[in-house]
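S.K.: Sharing a structure, written as C-alpha cells. Questions coming.
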Amino acid sequence: MSTVGKVIKCKAAVLWEANKPFSLEEVEVAPPKAHEVRIKIVATGICRSDDHVVTGALAMPFPIILGHEAAGVIESVGEKVTSLKPGDAVIPLFVPQCGECRSCLSTKGNLCIKNDLSSSPTGLMADGTTRFTCKGKAIHHFVGTSTFTEYTVVHETAAAKIDSAAPLEKVCLIGCGFSTGYGAVLQTAKVEAGSTCAVFGLGGVGLSVVMGCKAAGASRIIAVDINKDKFAKAKELGATECINPKDFKKPIHEVLTEMTGQGVDYSFEVIGRIETMTAALASCHNNYGVSVIVGVPPAAQKISFDPMLIFSGRTWKGSVFGGWKSKDAVPKLVADYMKKKFVLDPLITHTLPFTKINEGFDLLRTGKSIRSVLVL
C-alpha cells in the first residue's frame, strides 16, 4: 500500500525534556511539502552533539527528535523537488546547501544561511511548522535532519544523493563525524605534507582528524586524550605519539611546545571545552601556527585568553561540517569510501538495534564506544 501523500505512523525516539532518557514513541510524520523529501532512515550514528542537547550544553527547543548522522532511502518527494526521487539512497545534511546564499556562492564558505544550528535554532521547517506530532503535540526537528526516527522530512537542499551500492550502516558517518574531522584537516586547516599536528580528543571526530592528518602527509601526529584506552586506535589510524595530560605536572600546551621545539604547526580541538580550546591555541607555533575549533562549544560559556597568543601571528579558526559544501561533497566522499581511499569500520565500535538507543548513549557517556550505529 502506497504511503505517498499520506501521514506515516512510525517509531521514533522522542526527547521530551533535557537530562531524561529517550522515549520510544509512535509518531505521525506528515507528507513532504514543496521542496521537501521524506526519508526512510536505515542507519543513524550517535554523535556527541546529540548528547549535548540531552545535557543542555546545546540549547534546543523541546520536545524534539534528535539525530543528524544518518543514511536512508527517499520514500516520497514534495512538489517542485528536482534533484531527488523516490528510491534514491541519501544522506541527510545538517548543513544544507541552497546554492544561492553568500556562503554557498563563495569558494571560502560552507555554512549555508538555511541552516538551523546557528545562534537561535527554531527546530522547525522553513515554513515555521513541524512535520512530526506525537500524542497530539508538535515535536521539534533537530538541525533540519532528525534521524532518530523511522521516517523523517528534510528540505531538498538538506539531502545528498549517494551511490546506491554504498553500505548505509557505514557511510552514515559521512553525514557528520567522519566528514567533520577529516575536512577540518583537508578543507579548513589545509595541512601540508611534513607538518606537525596535535589532536585534542579521540572520539569519532577526533580519530577522523587523525586520519585526515595522515592523508595530508603530516610527519608527526600527536594525539591528546585523558582516556588512554583510546590510544591504540589512534595509533592504528595514524597517530605517531599519544599523550595523556594527566601524566604531566605542567600544562599540556607547555608539554607540546617542548616536544615540538616551538609548538605544532596545526592543532585541533575536538572536545568542545573552552579550557582545551585555549590550550590547543597555545600549543601551536606562536607565529604561524593554526588552531581549529572542531568540537561544539558549550552554550552560554564565554572564552577568555591572552590576546598575545593571537598578536604574535597564530590563526584561530572554526570548522563546521569540515568546511565541506555538503550537497556537493558528500556524494564524492561516499565515492572515495567505495574506492577504499579511507576506512570507516575502525570508528564503528557498536552496531545496535534502534530500540537500544539509550544503551548507545550510555556507551558514549562512559567512553566505551567511539561510534555506535543504530540500525532501524
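Counting starts with 1 at the first residue shown.
Heads up, the Cβ atoms here are built off N, Cα and C, so glycines get one too.
Here Swiss-Prot flags Ser2 as N-acetylserine, drawing on experimental evidence. Sequence annotations record features per position, and here Swiss-Prot assigns Zn(2+) 1 binding site to Cys47, His68, Cys176. Positions annotated as Zn(2+) 2 binding site by Swiss-Prot: Cys98, Cys101, Cys104, Cys112. The NAD(+) binding site feature in Swiss-Prot is assigned to Gly201, Leu202, Gly203, Gly204, Val205, Gly206, Asp225, Lys230, Val294, Gly295, Val296, Arg371.
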S.K.: Find, for the listed binding-site residues Cys47, Cys101, Val205, Val294, Val296, the residue with the lowest Cβ contact count at a 10 Å cut-off, counting only other Cβ atoms.
M.R.: Cys101
S.K.: Reported as an integer number of Å, what is the Cα distance between Val294 (NAD(+) binding site) and Cys112 (Zn(2+) 2 binding site)?
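M.R.: Val294 (NAD(+) binding site) to Cys112 (Zn(2+) 2 binding site), Cα-Cα distance: 17 Å.
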S.K.: Going by DSSP, give the three-state secondary structure for Cys104 (Zn(2+) 2 binding site).
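M.R.: Helix, per DSSP.
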S.K.: Sequence gap of 6 or more, C-beta under 8 Å: which same-chain residues meet both conditions with respect to Cys176 (Zn(2+) 1 binding site)?
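M.R.: Non-local contacts for Cys176 (Zn(2+) 1 binding site): Gly45, Cys47, Ser49, His68, Glu69, Phe94, Phe321.
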S.K.: Over the residue list Gly201, Leu202, Gly203, Gly204, Val205, Gly206, Asp225, Lys230, Val294, Gly295, Val296, Arg371, recorded for NAD(+), what is the maximum interresidue Cα distance in Å?
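M.R.: Per the listed residues, the maximum Cα distance equals 20 Å.
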S.K.: Rounded to an integer, what is the Cα-Cα distance in Å between the residue listed as 'N-acetylserine' and Val205 (NAD(+) binding site)?
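M.R.: Each residue's Cα considered, the residue listed as 'N-acetylserine' and Val205 (NAD(+) binding site) end up 39 Å apart.
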S.K.: Check the Cα-Cα distances from Cys98 (Zn(2+) 2 binding site) to the binding-site residues Gly201, Val205, Val296 and tell me which is shortest.
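M.R.: Of the binding-site residues Gly201, Val205, Val296, Val296 has its Cα closest to that of Cys98 (Zn(2+) 2 binding site).
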S.K.: Are any of Cys101, Cys104, Cys112 (the binding-site residues) within 10 Å of Asp225 (NAD(+) binding site) when you go C-alpha to C-alpha, and if so which?
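M.R.: Near Asp225 (NAD(+) binding site) by Cα: none of them.
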S.K.: So for Asp225 (NAD(+) binding site), how many other CB atoms are inside 10 Å of its CB?
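M.R.: The Cβ of Asp225 (NAD(+) binding site) has 24 Cβ neighbours within 10 Å.
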S.K.: Given the binding-site residues Cys101, Cys104, Cys112, which one's Cα is the least distant from that of Val296 (NAD(+) binding site)?
M.R.: Cys112
